[in-house]
Structure formats: C-alpha cells, structure tokens
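A.B. asks: Quick one: structure below, then a few questions.
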C-alpha cells in the first residue's frame with residue numbers, strides 16, 4: 001500500500017497492506033497489529049537558497065522496492081508507529097508505557113529495532129570502507145624497464161589470461177587464487193609475494209580513471225593506494241586511458257574493441273529510456289541478472305500475463321496466511337510490478353530542469369527489486385539460492401517446473417512451451433526401429449563448428465593474435481566465427497549414434513542411431529544455442545560465435561511422420577537387469593553425463609541422474625533432474641549404497657517393486673514432471689512392472705486408459721495439492737500440448753556476456769509495439785542495434801495460419 005503504510009500482526013509477524021489487513025483479521029481472528037508508516041522529507045531548493053522540506057508518504061515496499069538510494073543526503077525520515085486493535089481500529093501511539101502491558105511494550109520495541117530481512121540478505125555483499133595501505137606511501141618500485149601493454153596480458157608462470165594481478169614493485173603479471181566456482185588462477189601472485197616480499201598488487205582489468213582494485217598481501221585485505229596513478233605510471237600505464245567492464249562485474253577477459261559486452265549492451269549508442277507498463281526494470285541483487293532476463297521474457301507472453309496479473313485479485317483473495325511462501329502470489333506480485341507501470345514513470349519536467357540547473361543527474365525512482373521472489377523461488381536449491389551467477393536456461397526450466405507444480409487456473413500458462421519430440425531409434429544390424437515420444441520445452445541447437453563461413457578470416461586473426469601476444473602488443477580486432485542458422489538446424493536433424501545401444505531384436509548390444517523430430521509444435525518455441533561446452537579438462541567454456549538467426553522461422557519440415565511403410569518395429573522386450581555383486585562397480589554412462597552437464601547442470605547432479613535412471617539415456621536422466629532440482633543434496637557427490645541398503649532412488653532406477661506393489665515415488669515423479677497426470681503415471685508403471693521406459697511407451701499407446709478409483713491414491717493426491725488454493729480443472733490424460741503450424745516469428749532473445757555460465761552478465765531484448773527494447777537490469781531503453789546474432793536463448797511465437 002503506497003499511502004496506508006504497513007500493518008504487522010503481533011502474533012505471526014507477517015506484514016500486510018491496508019487493503020489486505022481486514023481480510024487477514026477476518027480469516028485469523030488476530031486483533032493486535034503494529035501500524036508502521038514512514039514519512040520522507042525531500043530537500044528542495046528554497047527561495048532563499050536554503051532547503052525547504054517537501055513531505056510525502058514513502059512506500060513501504062515488501063518485495064517491490066524502488067531502485068534509488070533512499071539513504072542519500074537528499075532525504076530525511078520520520079517514522080510513525082501505532083498499535084491498532086481490531087475490529088474497532090482503536091489506535092495507541094508508540095511509545096506508550098503507561099497504557100500497555102510490559103510484554104506488549106517489549107514485543108513492539110523488538111520489532112521496531114529489528115534489522116530488515118532484506119538488509120540481512122544483502123549484508124554479505126555490502127562493501128566495507130577500504131583503508132589506505134601502510135605500504136602505499138613508502139612503496140619502492142624497481143627501475144627494471146618493465147612496461148605493461150594495454151592488452152594481451154597473461155600470467156608469466158602459467159600463461160593464464162584471467163584473474164591477473166600486476167605487482168607494483170617489479171611489474172610482474174601473475175594469476176590470483178583459485179575460486180570455488182571454477183574461476184581464478186593458480187595462486188602465482190601469492191607465491192611471488194612469499195618469495196620476494198613485494199606487498200602490493202593491482203588487478204588488471206579494474207583500472208579506471210577513478211582508481212583500481214588493489215590488494216595487500218602483507219595486510220591480507222583489499223586496500224586503497226592514494227598514489228596508484230604514480231605507481232601505475234612507473235610501468236607505462238596511464239589511468240586516464242583505462243576502462244573497466246560496465247556493471248562492475250567480475251569478468252577478467254581483455255575485451256577487444258568490438259567485444260560482446262559492448263555489442264550486446266549497445267555501448268557507445270545513446271539509447272532512449274522507455275517508461276510505462278511493460279517497460280519496468282529489475283534491480284540486480286548480486287548476480288541475479290539471469291533471473292531478471294528470464295522473467296522479463298516470461299511476462300511479455302500474454303498467457304502468463306493473464307494467468308497471474310489478470311487473476312491477481314483472485315490469487316490475493318485465496319492466498320494463504322503466509323503469502324511469502326506461495327508461488328502464485330509471488331508471481332502475481334512480480335508480474336504486477338513489471339506490467340502496471342507504477343514503477344516505470346518518466347521524470348517530471350521540474351526534476352529535469354533542476355538537474356540541468358545543478359548540472360547533476362539523479363537516479364529516478366524506477367524499477368523493482370525482486371528480493372522476496374528470488375528468496376522463495378530459490379529456497380532449497382543449492383545453486384539459485386546462492387549469490388553466484390547461474391545459467392538462464394537452467395533457471396527457465398526450474399521456473400517451468402514450479403509453474404507446473406502450482407496450478408493457477410484451468411489453463412496452465414506453461415502449456416505454451418510444451419511440445420512432444422518423436423525419437424526414432426534404429427538398430428544398424430537388424431534395421432528395425434523403435435518410435436518413442438518425450439516431452440520437452442526447449443529446442444537445443446548445436447553449433448556446427450565446421451560450418452563456419454569465414455574460416456579464412458578466423459585463421460588470419462588467430463595468426464595475428466599469436467604474434468601480438470608474443471610481441472606484447474595490443475590484440476587485433478576480434479574476428480568472430482559466423483554460422484548460418486541452417487547449419488545449426490541441419491545439425492539438430494542429423495542422426496546421432498546411440499552409446500551402448502541394446503537391441504531387443506538381437507537381445508544384445510549393437511550399434512544404433514537416433515533422429516529427433518517434432519511430434520507437435522508449441523505455441524511459443526524456445527530455442528537455445530548450445531554455446532557452453534566442456535574442454536578436455538572438463539573446464540566449462542563458451543563458444544564466441546555469431547549465428548544469423550532469422551526473424552521468421554519455418555520448421556514444418558521437421559514434423560514427425562511416425563512408423564513408415566516397410567519399417568519393422570523392434571520387439572517390446574526390456575533389457576535384462578544386471579545387479580553387480582559390488583554396486584560401486586556399476587558403470588555410469590559418461591556420454592549422458594556430458595550431455596546433461598553441457599546444459600548447465602552441476603556435474604555431480606548429472607552423475608546421480610544417470611545412475612538413478614539406470615543408464616537409460618540423457619533424456620530420462622534429464623527428467624530425473626527436473627524432478628529433483630529442489631532437493632538439498634541435489635548437487636552433492638554421488639554416494640552409492642552397499643547392496644541391501646539401496647535407497648529409494650536406487651530402487652527406482654532398478655525397477656524394484658515395493659512390498660505394497662506401489663510404484664517407486666521417484667519414478668512417478670519423473671513421469672509427472674513430463675506433464676502427465678499422477679494416476680496415469682502409477683497405472684502405467686504398474687502395467688509395465690515399474691519399467692520407466694516401457695511405462696512411457698505404454699502411456700502413448702493407451703490414449704484413453706480406464707479410470708481407476710483408488711482411495712489411497714486420491715488421498716495422497718489431495719495431500720500433494722493441499723497448498724494449492726486455486727485448483728486447476730482436470731484435463732484429458734497425457735501431456736497437455738498446443739499443436740499447430742511450425743511457422744514462427746522472433747519476439748525476444750536473451751544474451752550472455754562472459755566466458756562461462758558461472759560468470760558474466762545477461763541482457764534481454766524484446767520486441768514490443770513494433771520496436772526492439774533492451775532490458776539490462778534496471779535500464780530499459782529503446783534498442784538501436786539489437787544483436788540478434790549473439791543471443792543465447794531465443795523466443796519465437798507461432799504465426800497464425
């Protein structure tokens with residue numbers, strides 16, 4: 001509530017706006033509330049040159065906080081607190097020791113002095129005030145003739161090109177320490193200090209005209225160097241000519257003149273800010289740009305707008321007593337913040353005139369800060385709950401999983417992304433085939449490196465780059481590998497070898513090939529360019545490529561055709577289950593592990609997924625990952641139990657049958673995560689002796705199974721949906737799909753800058769009202785040069801026939 005302040009229940013300590021407090025009282029009977037209201041006094045120039053107070057009510061944002069710095073010297077606060085007794089709205093001003101019992105007074109004082117949960121959440125990321133190093137004034141610099149070039153740096157001991165530090169005594173360029181997220185170096189800078197005692201080093205890539213990041217090995221902390229300009233000039237570095245990466249993000253690569261950071265963020269071009277509904281920015285909470293980019297794209301889709309923002313009053317009316325733990329409430333609040341326009345307003349003319357007269361720029365009170373949304377959606381997830389950078393594609397799938405599990409009405413908005421993939425597997429020896437269908441939400445396109453159209457330019461650039469590095473000269477202008485989109489589409493449709501294929505026709509392992517086609521086309525097609533891969537040393541890396549993505553896309557030729565005349569199906573025989581004497585000797589299909597890891601999932605989680613699904617392939621393991629992403633030990637190392645101590649996951653993987661003849665819950669969850677009804681999953685598993693692969697085939701071969709009425713299952717299903725206040729209408733059996741023509745138009749894309757999913761920055765471009773708009777966290781501007789060739793995830797909508 002923008003004017004009524006905040007009402008805090010003195011029993012549950014939950015906060016409510018003025019329009020919701022009556023409903024909370026009626027539902028709970030709680031009658032004592034603490035009413036908090038903050039008045040902000042803004043200083044404006046007075047006639048006499050002084051400051052006249054301009055008083056207005058401040059908004060007490062619970063999870064949609066404005067982006068400006070309300071702790072600046074331009075504002076003064078006056079807080080008002082009252083105790084309100086319902087239903088008569090009897091008010092007692094605080095403090096009031098005479099009228100209130102001691103216990104109530106203590107409770108009010110504790111609540112008023114409590115630290116904001118948002119500040120607690122951010123406390124780890126606050127920057128402490130740096131102190132000047134004791135070595136700065138007396139630092140001795142060796143006159144050894146060392147000159148540092150403006151680019152082309154690498155560690156003098158291990159040739160690393162990231163996390164590099166310049167020792168301010170002798171000019172040595174050495175790598176820093178190894179970080180837990182896989183970035184960093186080999187610690188040669190620290191080793192050099194231990195050998196020489198030279199105390200100060202500056203991080204290359206952070207030097208700007210305003211300063212640089214300096215570290216004191218002796219003092220063991222970051223420090224200030226008041227004489228940094230002189231110390232750098234000793235090695236030929238002019239601070240006025242140096243620039244740091246925009247946004248202050250940690251990316252230690254040396255950026256060429258046409259780096260992807262500059263192109264994707266449209267640096268160097270004056271962009272016009274956009275205001276109003278649908279043009280609201282989101283604050284970066286510390287490496288949360290992946291969330292911002294995905295949610296901007298999600299809430300540009302009408303189905304999600306209708307489901308959450310259109311149903312906002314209904315969702316709020318049926319929200320639980322603790323709305324902070326309700327997915328639909330948080331989605332509705334976030335969607336309202338992005339689409340209402342209340343947090344995206346152009347500056348007043350008087351403010352602009354004031355800024356011109358004062359020759360200063362003040363940030364506008366625009367944008368939202370999705371702290372509560374991020375806290376809820378990432379709760380219990382080992383990756384998203386951290387402050388580390390994450391993969392936008394992985395977060396997109398995580399979000400879809402939550403949407404599936406929290407129905408908001410008769411129509412699930414995630415249905416617009418769902419499609420069926422027909423996989424044709426052929427035994428190369430018997431020539432027999434098997435057709436299976438699976439559910440997917442993203443079309444993943446590989447990058448066919450051999451199809452680059454500018455190979456000669458790439459070879460010439462590589463030679464120039466090596467020569468520049470050897471001579472310590474500036475690097476040449478970047479030449480990026482260019483690919484036609486048709487090459488990626490062809491790579492997607494070509495047959496691929498199936499590792500460890502077991503032929504039911506031969507009753508033995510054989511060579512097999514697999515091709516994929518669309519059994520249905522979704523309403524909205526999400527295309528991911530598989531830019532992230534692993535090197536031979538298992539270190540993740542990114543392919544810096546340019547792909548000519550089309551504005552209009554026709555994939556009708558990829559429509560599945562099913563069993564063809566003359567084709568003979570493989571027998572429906574499951575491979576024999578071999579339980580080794582030593583379970584730890586069970587092999588794990590590393591090729592499937594690699595496929596999952598390339599999608600951005602943690603390596604250990606991929607190994608567990610492949611193990612617990614019995615090496616049935618990356619697709620089945622992927623569904624296991626989706627069903628287990630929120631478990632606390634999701635990314636913990638795989639621990640294989642001894643025989644006789646097989647866990648529930650292990651039992652599910654081996655197709656074990658419980659004593660009560662109920663299918664293992666792990667296998668049921670995998671099938672439900674694909675979009676099928678729970679009772680259908682249980683029925684299919686029972687019919688196939690808990691064989692996951694055969695159960696999926698059974699589902700597609702039984703489009704209208706007989707209804708079973710199992711009171712135990714009904715009770716279990718009601719328990720699973722106890723927290724869903726708005727129940728979805730039961731649809732037909734099988735995955736819900738919206739099939740149609742395979743012709744699409746591009747309306748958005750998410751781009752990534754950086755060398756790995758664990759670092760860098762995400763930006764979203766969306767086409768709205770006939771023009772492209774860039775969403776770069778809080779900045780929302782009209783795009784002048786949308787870099788459609790450098791995107792990572794693309795969003796297409798179907799063209800009506």
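Cβ from N, Cα, C; glycine included.
No curator has checked TrEMBL annotations; they are predicted automatically.
Per TrEMBL, the feature active site, nucleophile maps to 289. The feature active site, proton acceptor is assigned by TrEMBL to 761. Among the features that TrEMBL reports, Zn(2+) binding site is placed at 155, 158, 175, 188. According to TrEMBL, the feature domain 'UBP-type' maps to 131-239. Annotation comment: TrEMBL describes 280-799 as domain 'USP'. According to TrEMBL, the domain 'UBA' annotation covers 587-628, 662-702.
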A.B. asks: Measuring C-alpha to C-alpha, could you say which of the recorded positions 155, 158, 175, 188, 289 are within 10 Å of residue 761 (active site, proton acceptor)?
C.D. replies: 289
A.B. asks: Going by a 10 angstroms cut-off between Cβ atoms, which of the recorded positions 155, 158, 175, 289 has the sparsest surroundings?
C.D. replies: 158
A.B. asks: Looking only at 188, 761, which of these recorded positions has the biggest number of Cβ atoms within 10 Å around its Cβ?
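C.D. replies: Sorting the candidates by Cβ neighbours within 10 Å, the top entry is 761.
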A.B. asks: To the nearest whole angstrom, state the Cα distance for the pair the residue listed as 'active site, nucleophile' and residue 175 (Zn(2+) binding site).
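C.D. replies: Pair distance, Cα basis, whole Å: 27 Å.
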A.B. asks: Could you break down the residues of the domain 'UBA' (587-628) into DSSP helix, strand and coil, giving a count for each?
C.D. replies: 30 helix, 0 strand, 12 coil
A.B. asks: Please work out the helix, strand and coil residue numbers for the domain 'UBP-type' (131-239) from the DSSP assignment.
C.D. replies: 16 helix, 23 strand, 70 coil
